[in-house]
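*Asks:* Pasting a structure below so you can have a look.
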Amino acid sequence: MASKVAALLSCALLLVTGAAASYYTPPSAPTCGPLKVGYYHDKCPAAEAIVRRVVGAAVRRDPGVGAGLIRMLFHDCFVEGCDASVLLDPTPANPQPEKLSPPNNPSLRGFEVVDAAKAALERACPGVVSCADVVAFAARDAASFLSAAGGRDGLGYDFDMPAGRLDGRASTASRALDFLPPPTFTLPELVQSFAAKGLGVEDMVVLSGAHTVGRSHCSSFVPDRLAAPSDIDAGFAAALRGQCPASSGGGGDPTVAQDGVTPDALDNQYYKNVLARRVLFTSDAALLASPETARMVAENANVPGWWEDRFKKAMVKMASVEVKTGNQGEVRRNCRAVNY
């Protein structure tokens with residue numbers, strides 16, 4: 001496991017320090033085990049540009065979809081590895097795939113964007129680009145567009161995303177419950193959950209920063225975070241009580257912004273919110289539970305560019321978890337169904 005983690009981190013460092021957002025294969029293109037930057041250079045030269053175009057149009061229409069695409073990569077990779085298993089629809093033979101598991105249904109968004117990108121890719125290069133690679137490219141591009149909205153000179157966090165993943169054939173709702181950390185997790189539980197996927201404590205803290213975009217259902221933190229006593233900021237708690245019903249009876253399950261300061265911008269505001277105790281989840285507040293993680297939170301909040309650089313590396317590292325190659329998978333023609 002230690003050698004695997006070291007290899008993934010080395011790969012992430014190499015990719016992010018290289019040319020940003022390149023859609024070609026440079027000489028001696030960096031690789032991440034079976035993955036490679038510019039993997040589709042010869043097979044489908046326009047592949048990454050096609051995905052970026054579709055994602056850009058979707059995020060401009062609704063920034064929340066971009067947050068959903070970043071979350072989709074996390075929810076895919078943590079279950080069966082980065083193999084697009086989260087995209088599979090129910091069938092008579094498999095009525096309960098991952099996408100119907102409580103962590104994904106009804107909150108996970110972006111499926112229609114992946115469908116649109118895959119359809120465009122099938123027109124350009126039939127049977128070439130895997131759905132797993134589409135998910136990884138889409139998350140990278142969503143991060144780029146949402147970070148540009150943060151006002152950092154109008155530039156997004158572009159970075160190279162290696163490709164070569166195959167699509168898995170298995171998808172089971174219970175597996176999502178086994179591996180996806182819920183919002184009630186404590187710090188030790190979070191560390192253990194990420195370690196099981198070859199990701200370290202800093203990866204966990206850095207990837208948590210994606211909570212700076214998107215919305216959450218009230219049921220994800222009510223009543224746990226709003227019960228007294230609580231470490232949540234009193235004014236923030238009062239505001240949340242005004243947005244969330246006291247119970248689900250007749251009130252539905254509304255959503256609230258995860259970051260009320262810059263809700264549509266991928267930036268480091270999340271860490272400032274953690275320090276101010278103005279975050280939604282127990283798992284967010286847990287980042288202050290140890291001196292080590294509290295220091296990381298403070299660095300991400302206060303040092304310009306610190307979190308952005310680490311986020312790019314952590315995204316590449318996460319997107320390399322338990323990928324399928326060779327006879328382990330396939331390139332689906334339709335991202336919602338295995339090939340027959």
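Any Cβ shown, glycine's included, is placed from N, Cα and C.
Keep in mind that TrEMBL annotations are predicted by a computer and have not been checked by a curator.
Pasting the relevant annotations from TrEMBL:
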- HIS75: active site, proton acceptor (ACT_SITE)
- ASP76, VAL79, GLY81, ASP83, SER85, GLU98: Ca(2+) 1 binding site (BINDING)
- PRO181: substrate binding site (BINDING)
- HIS211: heme b binding site (BINDING)
- THR212, ASP259, THR262, ASP267: Ca(2+) 2 binding site (BINDING)
- CYS44-CYS125: disulfide bond (DISULFID)
- CYS77-CYS82: disulfide bond (DISULFID)
- CYS131-CYS335: disulfide bond (DISULFID)
- CYS218-CYS244: disulfide bond (DISULFID)
- 34-339: domain 'Plant heme peroxidase family profile' (DOMAIN)
- 1-21: signal peptide (SIGNAL)
- ARG71: site 'Transition state stabilizer' (SITE)
*Asks:* Tell me the Cα distance separating the residue listed as 'active site, proton acceptor' from GLY81 (Ca(2+) 1 binding site), rounded to the nearest angstrom.
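*Replies:* Just about 9 Å between their Cα atoms.
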*Asks:* For each of the disulfide-bonded residues (CYS44, CYS131), count the other CB atoms lying within 10 A of its CB, then report the residue with the highest count.
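*Replies:* Highest number of other Cβ atoms within 10 Å: CYS131.
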*Asks:* Which of these disulfide-bonded residues is closest to ASP83 (Ca(2+) 1 binding site) if you go by CA atoms: CYS125, CYS131, CYS244, CYS335?
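*Replies:* Sorting the disulfide-bonded residues by distance from ASP83 (Ca(2+) 1 binding site), the top entry is CYS131.
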*Asks:* Around the C-beta of ASP267 (Ca(2+) 2 binding site), how many further C-beta atoms are within 10 angstroms, looking at every protein chain?
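*Replies:* Result for ASP267 (Ca(2+) 2 binding site): 22 neighbouring Cβ atoms inside 10 Å.
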*Asks:* Can you tell me how far the Cα of ASP259 (Ca(2+) 2 binding site) sits from the Cα of HIS211 (heme b binding site), in Å?
*Replies:* 7
*Asks:* Say you check the Cα of CYS77 (disulfide bond) against those of the disulfide-bonded residues CYS125, CYS131, CYS244; which is nearest?
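*Replies:* It is CYS131, whose Cα lies nearest.
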*Asks:* What same-chain residues, at least 6 away in sequence, bring their CB to under 8 Å of the CB of PRO181 (substrate binding site)?
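*Replies:* Non-local contacts for PRO181 (substrate binding site): PHE78, GLU189, LEU190, SER193, PHE194, SER283.
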*Asks:* Could you list the residues of the same chain, at least six apart in sequence, whose Cβ is under 8 A from the Cβ of HIS75 (active site, proton acceptor)?
*Replies:* VAL86, GLU98, PRO103, ASN104, LEU108, ALA176, LEU180
